[in-house]
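*Asks:* Sharing a structure here in structure tokens format.
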Amino acid sequence: MLHAPLPTMTNPALDNPGNPADKAGMSTLTLLPPDRALQLAAQFGLKPDEYDRVLGILGRSPSMTELGIFSVMWSEHCSYKSSRIWLKTLPTSAPWVIQGPGENAGVIDIGDGLAAVFKMESHNHPSFIEPYQGAATGVGGILRDVFTMGARPIANLNALRFGAADHPGTRRIVDGVVRGIGGYGNCVGVPTVGGEVNFHPAYNGNPLVNAMTVGIARADRIFYAAAAGVGNSVVYVGSKTGRDGIHGATMASAEFSAENEDKRPTVQIGDPYAEKLLIEACMELMATEAIVAIQDMGAAGLTSSSVEMAGKGGVGISLNLDAVPQRETGMSAYEMMLSESQERMLMVLQPGQEGVAEAIFHKWDLDFAVIGHLTNTGRIEIFHNGALEADIPLAPLESEAPLYRRPTTETPKLPPLGEVPDPMGLAPALQKLVACPDLCSRRWIWDQYDALVGGLTSKRPGQADAAIVGIEGTARALALTTDCTPRYCLADPEAGGAQAVAEAWRNITATGATPLAITDNMNFGNPEKPEIMGQFAAAVRGMAAACIALDFPVVSGNVSLYNETDGQAILPTPAIGGVGVIADAHLAMGLAMPAAADLVLIGAT
Amino acid sequence: MKVRVTVMPKTGVLDPQGKAISHALGELGFSGVGEVLTGKVIELDLAETDPEAARSAAEAMARRLLANTVIEAFRVELV
Amino acid sequence: MKVRVTVMPKTGVLDPQGKAISHALGELGFSGVGEVLTGKVIELDLAETDPEAARSAAEAMARRLLANTVIEAFRVELV
Amino acid sequence: MNAAIIVFPGTNRERDMALALTRVTGRKPAMVFHRETALPAGTDLVVLPGGFSHGDYLRCGAMAALSPIMAAVREFAMGGGHVLGVCNGFQILCEAGLLPGVLLRNAGLRFLSMDCVLRVERAGTAFTSHWQKGATFRAPMAHGDGNYFADEATLDRLEGEGLVAFRYADANRNGAARDIAGILSPNLRVLGLMPHPEDLVDPLMGGVDGLPLFTSMAEALVGV
Ligand SMILES: Nc1ncnc2c1ncn2[C@@H]1O[C@H](COP(=O)(O)OP(=O)(O)O)[C@@H](O)[C@H]1O
């Protein structure tokens with residue numbers, strides 16, 4: 001077995017687990033000169049006051065690796081520092097909610113001792129840079145969030161927003177994104193059963209790719225991220241680490257730009273085949289009692305997974321990067337901690353279970369390495385080439401990360417439309433509507449997605465208002481949908497937020513299923529602009545009101561801010577992913593109108 | 001004029017196919033196989049008869065369509 | 001020792017990718033593009049240091065796995 | 001009927017296939033991992049299901065065809081055993097040389113996921129006895145490489161010997177030579193086809209068009 005050779009010389013915490021790292025161990029830490037650190041901090045996106053906080057926490061200048069860790073952990077993406085205050089106002093509980101927001105995915109009870117595990121996540125920026133790989137790795141990431149919790153993924157959905165259909169850049173992005181979603185989902189063998197697509201010039205330079213995965217687990221066999229058990233092994237599994245997707249900041253740093261081409265941050269490439277193996281291996285290991293905690297390596301890979309696992313568990317963690325399976329040579333600690341190589345997971349194992357786990361991962365041709373252990377220091381300590389590279393208390397990185405109540409301004413109410421003159425007559429207007437990019441058939445998209453693999457899809461795209469996917473071994477099925485109308489959200493973010501939730505609820509209800517809970521993906525512009533933060537706050541308010549009114553809580557979600565190009569924000573887009581359950585899949589209603597049926601309109605126009 | 005465009009993943013970019021091939025060769029009993037990199041070759045038959053014009057046309061095609069320069073590098077040869 | 005194996009479709013074998021590329025290049029306004037053939041390059045990093053042994057190992061790999069000799073021809077070069 | 005489903009790394013329609021087989025035979029098929037070297041004793045039918053074995057890297061089915069278990073599958077087929085390959089399974093059978101030809105990239109280079117209509121060209125086999133020759137049925141397809149290719153002589157021989165099992169009857173979307181969707185071995189005991197009858201065996205999935213494949217096999221192989 002690949003036991004990490006622990007550099008005990010520089011790891012006093014190991015010799016004496018009762019003590020935090022003493023100053024002798026610290027001596028090998030190479031600190032950045034203060035002025036250099038200040039300059040790098042700005043390049044890494046830390047605000048001056050945030051950097052002051054770093055200095056206060058450490059009581060000294062940071063090392064390069066430490067600075068990298070602070071900058072990613074305190075990034076908007078990992079810390080939710082602008083959005084958390086608002087997200088906390090969303091209703092997240094109901095008798096059927098097993099796990100609300102805060103874990104890798106939300107979990108709800110769907111009866112028969114089973115749970116549905118689901119979440120939606122964005123991959124907007126990567127999909128603009130490289131549409132195929134950006135979308136593909138987005139699907140891969142959300143799948144991992146779900147199977148990390150012990151659920152076998154049974155369905156994928158997506159919510160896509162592209163620039164104007166006639167904008168010169170749109171075609172390339174649409175084509176790449178759609179192929180990327182299909183390429184990943186089809187290969188991994190999880191059916192893509194639904195989604196939605198809009199086109200608008202506001203997305204010309206900033207498409208939105210939101211991917212949702214739904215999985216099924218035994219309600220009493222859910223796996224969580226909180227680490228426990230001082231001394232337990234921290235294990236790395238999956239694919240090797242390369243220099244993929246390392247913080248763009250690396251490039252801006254003089255130290256790195258002086259180096260050769262190879263050091264440039266590289267686009268993350270998805271390997272759905274490796275993911276498929278990872279799913280099978282994790283499912284197999286999860287059937288044993290070996291796992292204490294498990295977390296996928298998503299954004300900021302090794303950093304966020306190790307910090308979150310140890311932080312949530314209230315323990316400390318010590319990592320030896322020499323043991324990390326590496327695809328490239330000469331990687332620094334900074335690069336390894338920030339790498340976003342795909343198809344990797346971090347686990348804490350029960351004592352003595354390393355052999356069992358290793359055999360399973362090797363059976364599935366995946367890397368397996370013990371790369372560290374849990375400590376009682378409440379700190380993260382990182383060793384590389386025998387030197388200490390980082391030593392940071394965990395709480396300020398995770399639970400005590402910055403939190404902002406940013407200024408908001410309300411979106412002005414638009415005057416009512418009033419009388420709309422009929423410009424063309426009913427039939428031409430209808431023709432124009434059905435032909436417009438937002439309403440025309442999406443068949444050309446779903447014809448590229450395997451909607452049936454798994455053998456349980458009973459309503460595929462185009463057949464019902466929500467997709468219906470059966471649950472093996474039961475008569476039950478899930479009803480799944482994604483919804484949002486960004487135009488509404490621009491005009492009135494509160495009503496738009498409420499409408500998105502209500503539409504998801506209606507789409508599920510229309511199939512005959514009972515709506516149970518939602519996940520959301522909040523895509524907005526720059527939160528430092530009060531009008532954008534105002535859109536965000538109002539959308540949350542509207543969503544919360546609708547969730548309460550409909551008994552439809554939020555159990556997971558994702559926030560993507562700074563979606564702007566040249567100062568132009570996207571339309572506020574709180575995409576909603578809804579999940580419902582129907583006791584007997586046979587009873588699910590589709591769209592197809594039986595012959596000689598009457599058309600009945602319900603509700604006021 | 002025949003031109004060959006070879007498209008390979010850029011250094012550092014993951015090549016899942018190469019990885020799978022390297023693994024498969026190992027399982028088949030071929031030893032000593034290290035990194036495997038896979039790419040594409042596109043052989044073009046161009047009406048152009050001037051070598052330099054053909055080369056620069058092929059380069060334009062590679063940049064425009066044949067290679068994804070975000071993740072791939074290409075090489076043009078006259079054959 | 002680095003070895004490059006180039007795998008191309010045999011004459012008479014359909015090459016859907018080549019056809020599509022030829023068509024797409026036309027649509028992009030590149031004129032004078034005749035037949036387009038697409039193939040694969042596989043670059044192997046072999047522990048073997050003897051050139052002839054490396055070449056023959058690569059040939060064996062190509063015959064066994066890298067090429068489907070029913071429809072593809074391959075060429076091995078030391079690089 | 002004792003069925004064995006071979007699971008390669010990257011196989012992903014083994015569950016669909018197991019559901020369909022169990023539905024018809026009432027018996028769960030054995031799942032056999034690619035590293036095994038023998039089939040379970042008493043196997044009547046070997047199924048190579050759909051998916052992306054080894055990621056479909058290099059050529060679809062190429063690496064799977066060289067798996068340890070494939071030696072046993074070959075021996076089984078040579079000894080007159082029944083083998084069904086669907087989608088990736090068909091590609092593997094071709095790469096392994098158990099069926100002639102090869103599946104190339106779809107002519108349009110896109111993954112195609114939709115229902116197609118198949119026409120039964122060869123009835124009366126262990127796989128097709130519950131259809132009439134010329135019958136048509138719906139089957140979902142889901143593949144990026146379903147463009148069947150073989151040289152003219154091979155195609156002529158397949159047609160001449162009645163070894164074309166199914167043809168696309170509505171549209172030839174992937175460019176397959178002579179609209180071929182599925183072929184048989186000369187002894188009629190190895191069938192490869194691209195579409196997925198196993199995904200249409202239950203009214204819940206939108207129909208039972210694929211059922212005759214399974215009822216044919218169950219009848220032919222009962223107690224064999
Ligand atoms: N990106 C996509 N991926 C898969 N299916 C999609 C996608 N976009 C739309 N669909 C499917 O197309 C159908 C129509 O979509 P849409 O017009 O958004 O439906 P609705 O308005 O009923 O929610 C639905 O079945 C939906 O799931």
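Including glycine, each Cβ sits where the backbone N, Cα and C put it.
Annotations for this protein, taken from TrEMBL, read as follows:
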ACT_SITE  D:Cys87  active site, nucleophile
ACT_SITE  D:His196  active site
ACT_SITE  D:Glu198  active site
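Thinking about packing and proximity, how do these listed features fit into the structure?
*Replies:* Within the same chain, residues at least six positions away from D:Cys87 (active site, nucleophile) with a Cβ under 8 Å of its Cβ are D:Arg13, D:Pro49, D:Gly50, D:Gly51, D:Met141, D:Ala142, D:His143, D:Gly146, D:Leu193, D:Met194, D:Pro195, D:His196. D:Cys87 (active site, nucleophile) falls within neither a helix nor a strand when secondary structure is assigned with DSSP, and so counts as coil.
Classification of D:His196 (active site) by DSSP places it in coil, neither helical nor stranded.
For D:Glu198 (active site), the count of additional Cβ atoms within 10 Å of its Cβ stands at 30 [all protein chains shown].
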*Asks:* So for D:His196 (active site), how many other CB atoms are inside 10 Å of its CB?
*Replies:* 27
*Asks:* Suppose we call a site close when its Cβ is under 8 Å from a Cβ of chain A; which of the active-site residues D:Cys87, D:His196, D:Glu198 are close?
*Replies:* D:His196, D:Glu198
